[in-house]
Amino acid sequence: MSKVCAVFGGSRGIGKAVAKLLAQKDYKVAVISRNLEVAQAAVTEIGAHLALSCDVSKENEIQCTFKEIKNNLGNIDYLVNSAGISRDALLLRTRSEDIMSLLSINLVGTIQTCKVALKGMIQQQGGSIVNIGSIVGHKGNIGQSIYGASKEGLIGFSKSLAKEVAKRNIRVNVVAPGFIRTDMTSDLKEDSLNKMIPLGRFGEPEEVAQSVLFLLESPYITGHVLVVDGGLQLHL
């Protein structure tokens, strides 16, 4: 029987690549985005099964989203949290509303989706969660103090949750990408940054998706942070 996977932030970038790979592996995939039309377009393009809209900063929308997935596809086996935003600025120039948005979407939203997903996973005595972090959470970066805090907070949350639910046969892991060629990195000077990366190039979303799939399916890995950065951390 095909496993059911919910991919938050699954309409673009890394999340879309994950959803596409899971659909190719014959999983039942729900693509969740804040924009329903964008989610529907992604589902049509990649051959997923269900498109839903959800603002992860709103708990009631998360609850409704999981109910829709269960009603249409069944109990969720895999959860991937790839929804996220960036608002790069030096801390002294960062607006208070941007601080709250970054933490609300990148960290609290993931915490809330995990909390709701766990109810079903505990009932079925098993499940796997992969949260998308960032190398910035590990190493820090100028102009990304709040973004980095949200991603490092995600790592601490995931490791603690992994300890809480391991006895329930539920695994929780993190993939921490470096520079990946997506909309979020389109304004970066790729040629100069490539010099910092031992492998000499930005990664592709599909390469991160392979790492996500590996952690979702690995039955004896939990509480792990898998860095996918072409060796960038060796230079930071």
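Cβ coordinates are placed from backbone N, Cα and C, and glycine is handled just like the others.
Note that the coordinates shown come from a computational prediction; the quantities given were computed from them, not determined experimentally.
According to Swiss-Prot:
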ACT_SITE  Tyr147  active site, proton acceptor
BINDING   11-14, 34-35, Asp55, 82-84, Tyr147, Lys151, 180-182  NADP(+) binding site
BINDING   Ser134  substrate binding site
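A map of Swiss-Prot features onto the structure.
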| residue | record | DSSP class |
| --- | --- | --- |
| Ser11 | NADP(+) binding site | coil |
| Arg34 | NADP(+) binding site | coil |
| Asp55 | NADP(+) binding site | coil |
| Ala83 | NADP(+) binding site | coil |
| Ser134 | substrate binding site | coil |
| Tyr147 | active site, proton acceptor | helix |
| Ile180 | NADP(+) binding site | strand |
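For the binding-site residues Ser11, Arg34, Asp55, Ala83, Ser134, Thr182, a Cα to Cα distance of within 10 angstroms from Tyr147 (active site, proton acceptor) holds for Ser134. Among the binding-site residues Ser11, Thr182, the residue whose Cβ has the fewest other Cβ atoms within 10 Å is Thr182. Around the Cβ of the residue listed as 'substrate binding site', 28 further Cβ atoms fall within 10 Å across all displayed protein chains. Gly13 (NADP(+) binding site) sits 14 Å from Ser134 (substrate binding site), taking the C-alpha atoms as the reference points. For Ile180 (NADP(+) binding site), applying a Cβ distance below 8 Å and a minimum sequence separation of six or more within one chain yields Gly13, Ile14, Phe202, Gly203, Glu204, Pro205, Glu207, Val208, Val228. When the alpha carbons of Asp55 (NADP(+) binding site) and the residue listed as 'substrate binding site' are compared, the span between them is 21 angstrom.
Taking all protein chains in view, 25 other C-beta atoms sit within 10 angstroms of the C-beta of the residue listed as 'active site, proton acceptor'.
Residues near Arg34 (NADP(+) binding site) in space but far in sequence (CB under 8 A, at least 6 apart, same chain), listed by position: Ser53, Cys54, Asp55, Ala83.
In this structure, the C-alpha atom of Ser11 (NADP(+) binding site) lies 19 angstrom from that of Ser134 (substrate binding site). Counting Cβ atoms from all protein chains shown, Gly13 (NADP(+) binding site) has 21 others lying within 10 Å of its own Cβ.
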